[in-house]
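Since the structure comes first, as C-alpha cells, the remarks are kept for the end.
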Amino acid sequence: SRAIKTNQDLLPETPWIHIFYNDFWGTLLTHSGSHKSYRPLCTLSFRINHAVGGMDPWGYHLVNVLLHAAVTGLFTNFSRILFGDGYWTLIAGLLFASHPIHTEAVAGIVGRADIGACLFFLLSLMCYVKHCSTRGSSPSTWGWILGAGLCAGCSMLWKEQGVTVLAISAVYDVFVFHRLKMHQIISTLYKRKNLTLFFSIGVLTSWGTALLGVRLYWMGNKPPSFSNSDNPAADSDSFLTRTLTFFYLPTKNLWLLLCPDTLSFDWSMDAVPLLKAVSDWRNLHTVAFYAGLLLLAYFSLKGSSNEREYNSKTVTNGKQNANGHSCHSELDYKTLEVKSSFASKEENGIKKHEIKKPQLPSTENIVILSLSLLIVPFVPATNLFFYVGFVIAERVLYVPSMGFCLLVTVGVRALYVKAQKRFLKNLVFCSTAALIVFYGLKTIVRNGDWQNEEMLYRSGIKVNPAKAWGNLGNVLKSQSKISEAESAYRNALYYRSNMADMLYNLGLLLQENSRFSEALHYYKLAIGSRPTLASAYLNTGIILMNQGKIEEARRTFVKCSEIPDENLKDPHAHKSSVTSCLYNLGKLFHEQGHYEDALMVYKEAIQKMPRQFAPQSLYNMIGEAYMRMSRLPEAEHWYVESLRSKSDHIPAHLTYGKLLALTGRKSEAEKYFMKAIQLDPAKGNCYMHYGRFQID
C-alpha cells in the first residue's frame, strides 16, 4: 500500500524529480523516519505502470513476469560461459526459473526491486565478462568496463544490494577468467604480472567505493531505525543473543533455498525465535553450515593437488585427455580420441565431429564463483554492517539464488562425472529432473497463495501468526465479515498483545459498530503501546467529543497535535492524523462560539497538512468561521478554495450558496443549491437549505 497505493511519487501531479529525493515509500530520504530504501528506478517503473494503467494490478504483474523471464534468459546465457552448450546450462536455467523462493519477488509487486536489480546485475556482469575477453586485444574493452560500471549503478538504484556485482566481477576475473589460486594471486602481484588484471580490479574497487559513498551521503549519512518487531534480535540487550541469532539466520536462509517447503509473506516478530543460549540445538545447524561453507571454499581455493591438470594430461574413467581442464569439468566438454570420426559428449547426450572447444572453467573455479554469488549479495542482509528491517525476507534471496543454482548444477555434474555405471548416471540425471519438477510444482502451489490477500495471510499463520491474523482481520473487515474480523484481531493479540496497530484496528472496528466504551479501551492500550500513534488519539477524541466530554476531547486533540513526526515509520499518515485532530479541535472551538480560536487551529492544520490530505472540509470550516464573524470576503475565498480542491464537495456548495444569497447574488446562489441537490438527490439536508433560500 505505501509503495504504490498511497505513494504520492506515482501521481502525475507530483514532479518526477521527487522520486530521486524520496525513499521507496515516498518519504524524504533524509527524514528521521525514512526507511532509507533508495530505489528510484523501481519507483519510476511503478509510476510508468500507474500512468499507463492506473491501479489495475494486471499491468504491474505483467511487468514483473516479463522482468523475471528476462533475468532467467540472462542467467542461462551466463551459465553457458561456465558450463558450455548442453544439458548443464539448461539445468541451471531451469533451476532458477522454477525455484519457489522467487514467488514473493515475482508475484508480489514490490518484489520488482529485486528483479530489476538482478537484471542490471547480470547485465553488468556480462559486460565485465566481455571486457575480460577483449582486454589487451580491442579498444572497445574499456567501453565494456564502462558499461559494467553503469549497469552496476543502475542495479543499485533498483535495490541496494545491486552494487555487489562489482565484487562478483572481480571474483570472476581472478578465479574464473585467469584461473588463479590464492597463492598465485600474491605471487602475481609481487612479480607485477597481469597488470591489466589489477588495473581492472582497481577500477571496480574505485567505482564501488564511489557508489557507496554517494549512496551514504544521499541518505543523510545516517542508518535507518526500525521497530522491535521488525528485527527483534537487533533490539536485544544481550550480545550473546544477537550474535547467535545473526549467525543462525544465514543457515535458515540457505535451508529455504534447499528445501522451500515452508514459505511466508512475513518472517518478522517471533517467526524465528531468538537463540538465547549456547545450548540451543539450532546452534548445531549454524556450526554445520559454516563448517561446510569453509571446507567447500578451502578446497576450491586450494584447487586440485595435481597441479599438472592445467598443463598436462589428466586421466578420468581410465581414459586420457589433454585439453588442459580439471578432471571434474573436462567431461562436460572434452574431445576423446577414438577410431571413429565422431566424439561422444555423454553429459550433453549429443554427438559432434571432433573439434577443439574453448577451455571452460574447472569445477573449482565455478564453485568459487557460485559461493561468491551466493554469499556476497546476501551480506547486506546479514546485519553485519548495519541492522536491517526484517528477520528473513524471501525476496532478498532472488539474487543469491543464482549462486545456489550454479552450485547445485556443478555439484550434480561432478556426481554425474564420477559415477562409473550408466545406472548411477541416469539416477543422478533423473533426480535432478525430479528436483526441478518439484520446485516447479511448489512454485505453482505458492502462486495460488498469492492470488489474493486472504489466501496469502492464511498461508502465513503457521509461520507468523500474530502478523498473519492481524492482516487477515483487515481483509475480513473490508469484506464486511465483522465478527470474523474481530476474532482475527483477537487471535493476533493473543500471540502478541502489545501490537499497537492491532489494538488500534480492533478499536476502530468496535467504534464503527457503535461499541464506543470498548473502542476507547483498545485505543488507550494502543497509545500505551505506542505513544506516537496519532490516529488512536484522533479517534479517542472524536468518541469523547460525541459523548459530550468536551474538555477531555480537547486535551486529547491538543496532545495529538504536539506529537512530532520524527523517527516515525509513516510520517505522511501521521501528519494526516494530526491534521484531522486539529480540524476536529477547530470544530470543537467553532461549536462553542470561539471562532478566533477555531481559525488559529485551522491555520495550524494547514501548516501541518501533508500533500495527500484532502483539504476541502478544512477550507469549508474556515469559511464558516469567517462567515460567523461577518468577514464575508475571507469566507468567500475559503469557500472557493474548498470547491477548487474538490468540485463535488456538497457542504461547500451549500455554504457558498448561503453566502451568495446573503450578498444578493440570488441567481448564482440558486445554481450552487441546485448543484448540491444534483450531486446527492437523496440527501434531505440539501432540500432544506434550498427551501430556506426560496423562502428568503
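Glycine is no exception: its Cβ is also placed from the backbone N, Cα and C atoms.
Residues annotated as domain 'DUF1736' in TrEMBL: 221-293.
Among the features that TrEMBL reports, repeat 'TPR' is placed at 466-499 (among others). Here the repeat 'TPR' (466-499) is broken down by DSSP into helix, strand and coil counts: 27 helix, 0 strand, 7 coil.
Model confidence over the repeat 'TPR' (500-533) stands at 95, taken as the mean pLDDT rounded to a whole number. Sequence annotations record features per position, and here TrEMBL assigns repeat 'TPR' to 500-533 (among others).
The feature repeat 'TPR' is assigned by TrEMBL to 534-567 (among others). When the repeat 'TPR' (534-567) is classified with DSSP, helix, strand and coil residues number 25 helix, 0 strand, 9 coil.
Summarising the annotation, TrEMBL assigns repeat 'TPR' to 579-612 (among others). Outside the repeat 'TPR' (579-612) by six or more residues, the chain places 6, 8, 14, 534, 537-538, 541-542, 545, 550, 553-554, 557-558, 560-561, 571-572, 618, 621-622, 624-626, 628-629 with a CB less than 8 A from a CB of the stretch.
Here TrEMBL flags 650-683 (among others) as repeat 'TPR'. Under DSSP, the residues of the repeat 'TPR' (650-683) split into helix, strand and coil as follows: 27 helix, 0 strand, 7 coil.
The annotation transmembrane segment is assigned in TrEMBL to 58-75 (among others). Sequence-distant contacts of the transmembrane segment (58-75) (same chain, at least 6 residues past either end, Cβ-Cβ under 8 Å): 4, 45-46, 49, 52, 92-93, 96-97, 102, 105-107, 109, 111-112, 115-116, 118-119, 122-123, 126, 402, 405.
As annotated by TrEMBL, transmembrane segment applies to 109-129 (among others).
Residues annotated as transmembrane segment in TrEMBL: 194-218 (among others). Beyond the ends of the transmembrane segment (194-218), by six or more residues, the same chain brings 29, 38, 128, 131-132, 135-136, 145, 149, 152-153, 156, 160, 163, 166-167, 169-170, 173-174, 178, 188 to within a C-beta distance below 8 angstroms of the stretch.
The annotation transmembrane segment is assigned in TrEMBL to 284-301 (among others).
TrEMBL lists 366-390 (among others) with the feature transmembrane segment.
Marked as transmembrane segment by TrEMBL: 396-416 (among others). The list of residues near the transmembrane segment (396-416) in space but at least 6 beyond its ends in sequence, with Cβ under 8 angstroms from a Cβ of it, reads 75, 79, 82-83, 88, 91-92, 95-96, 99, 101-102, 105, 111, 114-115, 117-118, 121-122, 161-162, 164, 253-254, 256-257, 328-329, 332, 347, 363, 366-367, 369-375, 377-378, 381, 390, 425, 428-429, 432, 435.
Distant neighbours of the transmembrane segment (423-441): 87, 91, 94-95, 98-100, 260, 346, 408, 412, 415-416; these residues of the same chain sit at least 6 beyond its ends, with a Cβ under 8 Å from one of its Cβ atoms. Here TrEMBL flags 423-441 (among others) as transmembrane segment.
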Helix, strand, coil residue numbers for the domain 'DUF1736' (221-293) per DSSP?
36 helix, 0 strand, 37 coil
Restricting to the same chain and to residues at least six past its boundaries, which positions have a Cβ under 8 Å from a Cβ of the repeat 'TPR' (466-499)?
229, 264-266, 268-271, 453-454, 457-460, 505-506, 509-510, 513, 529
